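Student: Swiss-Prot lists Ser10, Gly11, Ser12, Ile13, Gly36, Lys37, Asn38, Asn120, Glu122, Gly201 with the feature NADPH binding site, giving sequence analysis as the kind of evidence. Annotation comment: Swiss-Prot describes Lys121, Ser147, Glu148, Ser172, His195, Ser208, Asn213, Lys214, Glu217 as 1-deoxy-D-xylulose 5-phosphate binding site, evidence class sequence analysis. Summarising the annotation, Swiss-Prot assigns Mn(2+) binding site to Asp146, Glu148, Glu217 and lists sequence analysis as the type of evidence.
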Amino acid sequence: MKNISLLGASGSIGTQTLDVLRSHPDQFRLVAFSVGKNIDYAVKVIQEFSPQIVSVQREEDVLKLQAVSGNTKIVYGSEGLLEVALHPDAEIVVNAVVGSVGLLPTLRAIEAKKTIGIANKETLVTAGHLVMEAARKHNVSLLPVDSEHSAIFQCLNGENEKRISRLIITASGGSFRDKTRDELHHVTVEDALRHPNWSMGSKITIDSATMMNKGLEVIEAHWLFGIPYEQIDVVLHKESIIHSMVEFEDRSVMAQLGSPDMRVPIQYALTYPDRLPLSDTKQLNLWEMGTLHFEKMNQERFRCLRFAYEAGKTGGSMPAVMNAANEVAVEAFLQKRIGFLTVEDLIEKAMNHHNVIARPSLEEILEIDATTRRFVMEQI
């Protein structure tokens, strides 16, 4: 029986993580979780899983939950998030929160020697050098939950990582993959939220449409697998059947395939190095697919992917700036305050405005995050 702490239980990854726990009640126990403002959902999860600690975002929601939570301790805010991450009984901490708020809980959980199921891209994007350094220092495993990184992780099982020639990350292309840049001037929030292949939260669905999601994944892969950016490629693959590939020095290519279902990589992270049945996911029959398609990525068409490569290669504090600018811009687009292509413009402005710090401390990263957010808000 593995004890799980889940950060971000009401989001897309969080709800699918709970599906996995539900499927294997003899294997996993939920000891703590956090939610944002979805208190009705939190009540249902408490009643079903009886965790010891639950954290909510706002203090005013604590009393509401305490009235129905029985013996479950209710905490709130950033301190509450840390309490969930550091629950003494938790063996695995699944970080499924959205945005850079996931950074501090991850670092503290690593210091407490918890195994990390990492679904929060922004943690590695903003502070990859600090996170990987801490993981090495405390001998902690970072197990990828993203389908692409899980695919690479599985392809590398038993392989000599020094023999890697390149990583090939697949991209569905998002909601607007078939639109021209001229057509993108007129797209709506509702259009952007209709992803062709995956069921995801609103922020990541917009990131998928701008291709920033894939850019964040490139930076994440660089840190997780220690591969230079020059050896990480992205290929457009509309069917989302091949989740990523690894090419070795002898030009052999290993690929991980499966029907698009986030519960598969989530469960693999929780059961690693073992596997368990996942009976209600769709079996992949290639003869039903017929044909798989691949296209070279155009970084002028998908400018956010180019920004991510530039930020990653520049290094230091630049990825944190790009990430903060993107979070503010995407939120403004979701609120219908800016157009879709303005997201790219705001990120570019923030990156051009920033003076890079080569090796920022945690305090400097948090300060850069805050100042970048203020700068972008002033531009809107």
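Glycine residues also receive a Cβ, built from the backbone N, Cα and C atoms like all the rest.
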Student: Same chain only, sequence gap of 6 or more: which residues have a CB within under 8 Å of the CB of Asn38 (NADPH binding site)?
Tutor: Ser10
Student: Taking the Cα of Glu217 (1-deoxy-D-xylulose 5-phosphate binding site) as the centre, which of the binding-site residues listed as Ser12, Gly36, Asp146 lie within 10 Å of it?
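Tutor: Taking Ser12, Gly36, Asp146 one by one, the ones whose Cα falls within 10 Å of Glu217 (1-deoxy-D-xylulose 5-phosphate binding site) are Asp146.
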Student: Helix, strand or coil: which one is Glu148 (1-deoxy-D-xylulose 5-phosphate binding site) in, per DSSP?
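Tutor: The residue in question, Glu148 (1-deoxy-D-xylulose 5-phosphate binding site), is helix (DSSP, three-state).
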Student: Specify the secondary structure state of Asn38 (NADPH binding site) as given by DSSP, simplified to three classes.
Tutor: coil
Student: Please list residues from the chain of Lys121 (1-deoxy-D-xylulose 5-phosphate binding site) whose Cβ is under 8 angstroms from its Cβ, counting only those at least six apart in sequence.
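Tutor: Spatial neighbours, sequence-distant, of Lys121 (1-deoxy-D-xylulose 5-phosphate binding site): Asp146, Asn213, Leu216, Glu217, Ile219, Glu220.
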